[in-house]
Amino acid sequence: MGIFSIANQHIRFAVKLACAIVLALFIGFHFQLETPRWAVLTAAIVAAGPAFAAGGEPYSGAIRYRGMLRIIGTFIGCIAALIIIISMIRAPLLMILVCCVWAGFCTWISSLVRIENSYAWGLSGYTALIIVITIQTEPLLTPQFALERCSEIVIGIGCAILADLLFSPRSIKQEVDRELDSLLVAQYQLMQLCIKHGDSEEVDNAWGDLVRRTAALEGMRSNLNMESSRWVRANRRLKALNTLSLTLITQSCETYLIQNTRPELITDTFRELFETPVETVQDVHRQLKRMRRVIVWTGERETPVTLYSWVGAATRYLLLKRGVISNTKISATEEEILQGEPVVKVESAERHHAMVNFWRTTLSCILGTLFWLWTGWTSGNGAMVMIAVVTSLAMRLPNPRMVCIDFIYGTLAALPLGLLYFLVIIPNTQQSMLLLCLSLAVLGFFIGIEVQKRRLGSMGALASTINIIVLDNPMTFHFSQFLDSALGQIVGCMLAFIVILLVRDKSKDRTGRVLLNQFVSAAVSAMTTNVVRRKENRLPALYQQLFLLMNKFPGDLPKFRLALTMIIAHQRLRDAPIPVNEDLSVFHRQLRRTADHVISAGSDDKRRRYFGLLLDELDIYQEKLRIWEAPPQVTEPVKRLTGMLHKYQNALTDS
């Protein structure tokens, strides 16, 4: 397929994007809005953003969700702008500098919250800056300007959502159903590999792939939840299935590790059972029935705990999977599974990275302010807006440098494209609403094709072109103003790119160390006799951290193995029958405090000191377990955990 070819699967979304732009344009001019450009720009960004992220037509609900986030972010930004202006109207320079800090603060928050919700915070940062810059000449019009911006953005979002509904968006439900079946087969094949105890690299690749697929399934669940309220029951089941899938991975990998020291625990009966190849979910179902009969016949005590737990989790997975596919009423048995354990949310390990993003956004906005004041350029404010937009949106993504390059390419492409519309097309079509709508529909259609291909610069070109062509009411054609706006966009993107290059993000190694120490803390916190604490489900949070570690350090198998070993230790200690007495309870609290000190230590020396203290306390704890006659189900996991911490002490303490 050539560079400029059009695939059939791309046409529907391209028509949808063109329809959203035309609807926003028509409503903006029909109701005599002062700046219809905002409505058109919003419709284009809200519709095209999810398509660019997905690399194709987004699933149902994605555009609505992004639209709601944009509304929330706009209102937060407008309120912040009003507060800043009312408080500092007599000091314009201070007012702009505070807005720069506000943009940085919003970027800091957006780096810490879930990636799905970070868009709202990034948007609120540059919305306040846009309002403050725009009202510099007429500050008394601030409330009216904020109200107009909110109204036109809501209109643009409404047009994008309406266009999405008109062209029957894709449902993700069938993808979810297929992935649930495929995932269970892959889980069974992982357990086969672990019982064979073959090549460790093959096992690592298999469980790593399953971790990624389980994370992708959780993303599908979020999409399905946004799609329609009729999937509420399926959403509840999928939440539990996420935990069950992670449990299956953990039990399989623990089975592999156990055979490193005690291969005799896996009897020949189970080895023969797992030798049978499976291709479909029906094959897995038949094998599980055979295993349950064998477990009943041999007895729970004669079955390795990892296999017993794995078969139980796989059986519950099958039950909930059928419920997701049929979306029927939740049965009493399913309700018992769903009411299981409260899920603990993960604490962000990227606080240093978030602080780097804060300084990048704040410094780039301040640099733009100084450039504007020093040059006195009429479009310096436009450059400032682009700086805020680029840094606010780029910082929350894994590769902000490439986002900046995308914007630079887009603004460069927008100059000749905008010139064509400004000098030729719009002057000749402004007297006819039909021709004006058709001309912008053509723009939206062809850029919509490129957006789905994730063409570098396509998103930036769409937004930048709409921003510089004359879509105001009334239309005025001043070439110098057009050229200033176009050049302001390019200069703003360049300045943002320079700041991102100069303010280096060296937080990667620190984030990796914090993540590994959080795994250690989770394993230590599992040593407790508190009933409420033992019921907490930390597995999704731990695997979310493992997924982040895999993305930060692709191919670093020692780190992945260490993290997985800590997760296995956490799960085993969580279920271990620890003796209940006051002496051990007090010591559990002491262990948790020391583990927290390891995470929060500000220097390598402090971290080594607290880590050494933790190792000493674990030795004392093992002695206490011996005194209180704890069973092997407790002493062996604690001994393995202590040995792992001694072995990897340097990796867990050095920056």
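Using the three backbone atoms N, Cα and C, a Cβ is placed for every residue, glycine included.
Sequence annotations record features per position, and here Swiss-Prot assigns transmembrane segment to 13-33 (among others). For the transmembrane segment (13-33), the list of distant contacts is 6, 39-40, 42-44, 46-48, 51, 56-58, 148, 151-152, 155-156, 159-160, 162-164, 166-167, 433, 436-437, 440-449, 451-452, 466, 471, 473: same-chain residues at least six beyond its ends, Cβ to Cβ under 8 Å.
Sequence annotations record features per position, and here Swiss-Prot assigns transmembrane segment to 38-58 (among others) based on sequence analysis.
Outside the transmembrane segment (69-89), and at least 6 residues removed from its termini, the chain residues within Cβ reach (under 8 Å) are 42, 45-46, 95, 98-99, 102, 117, 119-128, 130-132, 135, 139, 142-143, 146, 149-150, 153-154, 157. Per Swiss-Prot, the feature transmembrane segment maps to 69-89 (among others).
Swiss-Prot lists 93-113 (among others) with the feature transmembrane segment, giving sequence analysis as the kind of evidence.
Look at Swiss-Prot and you will find 121-141 (among others) tagged as transmembrane segment, backed by sequence analysis.
Sequence-remote contacts of a segment are chain residues at least 6 beyond its ends whose Cβ falls under 8 Å from one of its Cβ atoms, and for the transmembrane segment (152-172) they are 12-13, 15-17, 19-21, 23-24, 27-28, 33, 35-36, 38-43, 46-47, 57-61, 63-64, 67-68, 70-71, 74, 220, 223-224, 227. Swiss-Prot lists 152-172 (among others) with the feature transmembrane segment.
Beyond the ends of the transmembrane segment (370-390), by six or more residues, the same chain brings 93, 103, 125-126, 129-130, 133-134, 136, 361, 364, 403-404, 407, 411, 484-485, 487-489, 491-493, 495-497 to within a C-beta distance below 8 angstroms of the stretch. Among the features that Swiss-Prot reports, transmembrane segment is placed at 370-390 (among others), with the record citing sequence analysis.
Distant neighbours of the transmembrane segment (407-427): 386, 390, 394, 436, 439, 443, 456-465, 467-470, 475, 477, 479, 482, 486, 489-490, 493-494, 496-497; these residues of the same chain sit at least 6 beyond its ends, with a Cβ under 8 Å from one of its Cβ atoms. What Swiss-Prot lists as transmembrane segment is 407-427 (among others), and the listing cites sequence analysis.
The transmembrane segment feature in Swiss-Prot is assigned to 431-451 (among others).
The transmembrane segment annotation in Swiss-Prot covers 459-479 (among others) and is backed by sequence analysis.
Summarising the annotation, Swiss-Prot assigns transmembrane segment to 482-502 (among others). Distant neighbours of the transmembrane segment (482-502): 360, 363-364, 367-368, 371, 377-387, 389-391, 394, 400-401, 404-405, 407-408, 411-412, 414-415, 418-419, 422, 460, 464, 467-470; these residues of the same chain sit at least 6 beyond its ends, with a Cβ under 8 Å from one of its Cβ atoms.
By the Cβ criterion (under 8 Å, sequence separation of 6 or more), the transmembrane segment (459-479) is not in contact with the transmembrane segment (121-141), since fewer than 3 such pairs are found.
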